[in-house]
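Novice: Below is the structure I would like to discuss, written out as structure tokens.
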Amino acid sequence: MTQQMEEMSITEHLSELRKRLIYVLSIFVLGLIAGFFVADPVYQYLTKAESAKGFVLHAFSFWDGIGIYMKIAGLFSLIITLPFTVYQIWKFVSPGLKPRERKATLKYVPYVFLLFLTGMAFSYYVIFPMALAFTTAITEKMGLVETYGMKQYFSFLFGIVLPVSLLFELPLLIMFLTGLRILNPIRLRKMRRVSYFVLIFIAVVITPPDFISDLLVMIPLLLLYEISVLLSAIVYRKQLAADEEIESRYVRAEDKKHAG
């Protein structure tokens, strides 16, 4: 822990945390306002997409339309706020990091946005159509008339897209925690069974109850974990090399001091 971090009192830590939270909340509110301007184009795109064809969406409440716009605006704001939030977390913990650790962890921040969008694309274009096809097939098999409310349709959509998009941040989160020396590949390998169980449980919960859908979600999630372990190993090796270099410099300096 650095001297700067040691000198900060509990009050100063809380004050710094409060400042970071205010920054994040401000960006979220601004993103929410901007989200209302993009809500209608996004709504039009989603309702005219291939997966929505054949569905006539109904409003069962006066607030359904506004509620959908608010959900879209909220998701847009989350996309904007997420990388900024990670940056503010980095700013909060950076006084306790060594200079090389600060530099190593800062470079992960821009990828938060990219991975979240990748998760959104995968969940919307792959998982959601499968889930929709499965539930529709069950409804038709039971001889039921499909009458869907727009609130139910979009809740179903966001209930799949949001969790999967956040799970796609797993490699970055593990690399970040490895950079902070909280995790390492050795620990991750020991946690593999538990991690697999958690990821499989999540895959089963967010997908329709059929084996194919579960499998198509499980495989990417488990691959994400293994990729995370590999990336953690890369970061960990660099840390060990840097530590050895610092130690060798110290030994050389001590040898010179004794020789002099």
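Using N, Cα and C of the backbone, Cβ positions are placed for all residues, glycine too.
Any TrEMBL annotation is an automated prediction that lacks curation.
According to TrEMBL:
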type     : residues : note
TRANSMEM : 21-46    : transmembrane segment
TRANSMEM : 66-90    : transmembrane segment
TRANSMEM : 111-134  : transmembrane segment
TRANSMEM : 154-182  : transmembrane segment
TRANSMEM : 194-212  : transmembrane segment
TRANSMEM : 218-236  : transmembrane segment
Novice: With pairs closer than 6 in sequence left out, are the transmembrane segment (154-182) and the transmembrane segment (111-134) joined by 3 or more CB pairs under 8 Å?
Specialist: yes
Novice: State the non-local partners of the transmembrane segment (218-236) in its own chain: residues 6+ outside its ends, Cβ under 8 Å from one of its Cβ atoms.
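Specialist: Result: 104, 122, 167-168, 170-171, 173-175, 178-179, 183-185, 188-189, 192, 195-196, 199-200, 202-203.
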Novice: Mind checking which residues reach the transmembrane segment (21-46)? Cβ under 8 Å, same chain, six or more beyond either end.
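Specialist: Sequence-remote neighbours of the transmembrane segment (21-46) are 52, 68-70, 72-81, 84-85, 88, 154, 157.
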